[in-house]
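Working notes for the structure below.
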Amino acid sequence: MAQMGKLRPGKVECLALGHTGRDKNRGPERLNYCPKSHSQLGQSWGSDPGLLAPPLQRPPCSPTLRPLQNLLLLWTLLNCGLGGSAQGPGEWTPWGSWSRCSSSCGRGLSVRSRRCFWFPGGEPCWGDSHEYHLCHLPDCPVGAIPFRDLQCALYNGHPVLGTQKTYQWVPFYGAPNQCDLNCLAEGHSFYHSFGRVLDGTPCSPGTQGLCVAGRCLSAGCDGLLGSDAREDHCGRCGGTNESCFLVQRVFRDSGAFAGYWNVTLIPEGARHIRVAHRSRNHLALIGGDGRYVLNGNWAVSPPGTYEVAGTRVVYTRAAGPEELLSAAGPTSQDLLLQVLLQEPNPGIEFEFWLPRERYGPFQAQAQALGWSLRQQQPREVEPEAPDLRAAPAPSAPRAPTPAPEPCRRCPDTRGRAPRLLYYCRSDFVFRARVLSRLHQAEETRYEVQVQLIYKNRSPLRALEYVWAPGRCPCPRLDLHREYLLAAQRLISPDGTQDRLLLPHMGYARAWSPAEESRVRLAARHCPV
């Protein structure tokens with residue numbers, strides 16, 4: 001029965017330069033070493049995927065005359081670079097070139113080798129004579145026969161076990177050593193081990209390890225099989241977390257109203273992201289395009305994996321009041337983490353690792369998000385009428401000031417169509433209580449207390465200013481009443497003003513349970 005050839009790496013191949021032998025016919029001594037090029041020292045691979053050819057055989061050396069022995073020895077030392085790269089008593093040659101990948105598709109390995117030179121009486125070199133590198137090729141086509149199946153199939157129809165009976169063999173994964181070629185006889189209840197699998201064979205289905213010389217090895221971050229090199233939290237292979245910072249905080253803001261509240265900005269380049277909390281509130285995530293990825297627009301998303309910002313975000317929600325977000329990163333764009341408050345916030349724990357060069361800008365952005373994106377303005381109230389009971393101070397007679405023209409009655413814009421139109425076109429829809437009103441030039445500014453948010457393109461504060469065009473805006477808001485408002489965000493060209501605008505003839509309805517239900521119904525018909 002034909003035996004399957006195997007490459008057995010790890011054995012240090014050494015050549016004793018000083019070793020000599022006797023030749024009774026030609027004289028007392030001759031040199032037994034003939035130098036080879038590095039390409040000859042390397043291993044060659046078979047043409048079939050994953051099949052290794054045996055090592056190239058060393059050609060016999062031609063006899064060398066003794067007067068040239070010292071010259072040849074010196075030439076060998078110079079060509080092998082034995083000047084200062086010693087790793088032990090012996091000396092290694094430089095590494096040969098990498099061989100081609102052992103597989104024609106999917107994952108495989110390539111190998112390179114080196115030789116050790118040492119003198120009589122010394123010790124061999126320290127280290128390995130072979131290195132194995134993981135190589136990635138395009139995925140194998142659907143229906144391709146796995147590499148281990150091909151190796152078992154080589155024994156189909158051949159007698160085994162000392163009998164003339166033949167079997168059809170398929171891989172068997174229940175044996176102790178997963179890097180042996182264990183094959184199950186189809187239709188029978190026994191398996192046979194045909195020795196080691198060929199190098200580059202996957203250890204088992206669904207795993208990342210590959211078999212090399214009978215051992216299951218995984219690749220380190222440097223791509224070498226058997227390497228223990230690992231990425232640090234900064235994403236550097238073999239690093240020590242010196243090039244990044246850990247951002248680890250707890251968001252404890254309880255919020256003044258139910259709705260969406262900012263938790264933190266997750267900047268571009270963040271890694272190892274983790275967010276957790278225990279409450280009936282829900283975590284929400286906004287992508288770089290301003291659209292919700294999770295739990296947006298008052299709709300709870302199902303647990304699962306979501307693709308955003310170049311990474312996969314795993315969202316889990318336990319049977320109890322517990323939510324968890326995690327992502328390996330790095331993120332390719334900024335993300336905004338929010339919380340949809342439905343009850344007091346007991347605390348949201350979040351952490352991620354950030355490159356050093358991004359930590360300063362993150363602090364500045366986080367501080368800005370801690371306040372509103374709109375500049376805080378001094379609070380002003382509408383002046384009250386003077387007390388007529390007080391004695392008027394004597395003053396010079398003045399011409400009477402003309403009274404302002406009374407505001408005209410606003411047209412009726414009630415109905416389903418205007419409500420749906422303004423809901424879809426607006427950036428914000430919320431319920432608010434009017435605290436004050438102030439006329440400035442040809443504008444009217446309302447200070448409102450936000451009670452509930454139905455739609456928001458960016459964060460809202462508990463207290464906001466809403467601007468309306470004209471001194472007699474339509475619709476007109478009365479003090480100390482609650483309204484359902486649809487507002488737009490207006491940013492000046494130079495970026496110095498960022499306002500909430502209530503358009504002329506826009507949507508502003510006195511709050512009532514019936515009107516609130518109509519607003520929620522409009523949200524269902526409005527595309528996100």
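From the backbone N, Cα and C atoms, a Cβ is placed for every residue, glycine too.
Annotated by TrEMBL as region 'Disordered', the relevant range among 217-255, 373-411 is 373-411. Candidates considered were Cys116, Cys135; the recorded disulfide partner of Cys125 in TrEMBL is Cys116. When TrEMBL is consulted, the disulfide partner of Cys101, picked from Cys80, Cys105, Cys135, turns out to be Cys135. Per Cα geometry, Cys105 is the residue among the disulfide-bonded residues Cys105, Cys116, Cys125 nearest to Cys135 (disulfide bond).
In terms of DSSP helix, strand and coil, the domain 'NTR' (407-526) has 23 helix, 51 strand, 46 coil.
In terms of C-alpha distance, the listed disulfide-bonded residues Cys101, Cys116, Cys125 place Cys101 closest to Cys140 (disulfide bond). Taking the C-alpha positions, the distance from Cys105 (disulfide bond) to Cys125 (disulfide bond) comes to 36 Å. The separation of Cys116 (disulfide bond) from Cys101 (disulfide bond), Cα to Cα, is 25 Å. Sorted by the number of other CB atoms within 10 A, the disulfide-bonded residues Cys105, Cys116, Cys125, Cys140 start with Cys105, the lowest.
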